[in-house]
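The repeat 'TPR' annotation in TrEMBL covers 181-214, 255-288, 289-322.
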Amino acid sequence: MVALRDVGFTHHTPGLNRRHFVTEEEIRVVLTRLPEEVRCRLKWVHLNDRFGRIRTLGYVNRGKREIGLCATPPRISLGGYLTRTQTPGQFGAIPRCQWPTLAIRRFFLYDVLLHELGHLQVIDAKAKSLRRKFAKETRAQEFAEHWCRELWSRPFDHADPVHNQPNAEEIKALRAGWALSWGEFKRGRIADKTRQYDEAFRHYERAVAHYPANAMALEQLGLHHYFWHEQTLHRSLEQAVAILTEAVRLDPALPKAQLILAMSLSKLEREDEARRCFERAIQIDPYHSFALSKYGESLADWEYYSEARKVFERTLRRDPQSIQAIRGYACCLANDPDSKPNDTTRALDLFQKAVAIAPHNADARYRLGLALLDFRAEIEPAKRQFEEALRLDPTHEDAANALEEIQTMSEGTPHS
């Protein structure tokens, strides 16, 4: 027998425009609900990116010990995967329409996962070949539908509604507002792509008004609050946190929502909550250097420099060309009051490496200029970096201010 604690998980970063809809934690919840004898062969679960042209949702490895669940496009309808005995409403969707996130998650956990687990069931123990020994498609689907009915036949006490069948209230709200909500969401995405951000924001607000459980609309609404809270009167970090918290409650596998929620909490100095959200974002996509870099930056802001160093080093081992990680690590070394002389030299080398990798990045130029000025008092080389930063980005206020300070010093004017 294989104990549930011995089931391992691997995570593979999805390609462009694909995502996973379920997490390790949710899969473990489903597995714990099943008798040990039906999951005893399972050794590994792989969250992979093998959707491909044949639109695969799941698979079983040849040894019948490992199963995989595939990343899919973020917006998908799963009606074509249903059998004759299944309906969209069974999972919380309506026919001939894009499926809500909650319905997609239910289908992955209580159909795809169970179906692949069905392939691990021994049908003929005496068979010499694995092909004949284990359940094929028909038996695997019968297994999935049987255990779906069994698990949903009685209420399961869990905060996440994905682990119970849709109730009457959910179906009523779905029929009343989902189609309208989805239409508003699509119009919001179009407005975002054409940089009509105020119009996009209004579309997302209407999408949530029509169907409050639209996790994708909540995510976009929260992002707008985060990115525009300093420029727009009616947007704030507090609202971003409230909206994104609801989004990740409905869809815990939303990587962007988890990360921006962590960054919002960090800015609000809610350190413990921010840590949990950063770790959650990294767990969802453990190879995403941007999430790790942002976590490192927050740790440095909280003055946990040694911990921040470890995060940046971990990031750079996975992605040596990450500008965000290189720049963050250099700033961490430069700002750490316990830094040694060789740390300062290393920080300058990292700033120079960032410029070498991304010579057209204005902020990389600006930070290299600061390092040259602070570490070596090299005014002319620093000035050239600030000038180049302004040439690349004429709106870069920090570079403009740095040039003004250099000009003031060169003229001998007392610095205020």
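Each Cβ is built from the backbone N, Cα and C atoms, and glycine gets one as well.
Not measured: the values here are computed from a predicted model.
Sequence-distant contacts of the repeat 'TPR' (289-322) (same chain, at least 6 residues past either end, Cβ-Cβ under 8 Å): 255, 259, 262-263, 266, 271, 274, 278-279, 281-282, 328-329, 331-333, 335-336, 338, 357. Residue counts for the repeat 'TPR' (181-214) by DSSP state, with H, G and I taken as helix and E and B as strand, are 27 helix, 0 strand, 7 coil. Taking DSSP states H, G and I as helix and E and B as strand, the repeat 'TPR' (289-322) has 27 helix, 0 strand, 7 coil.
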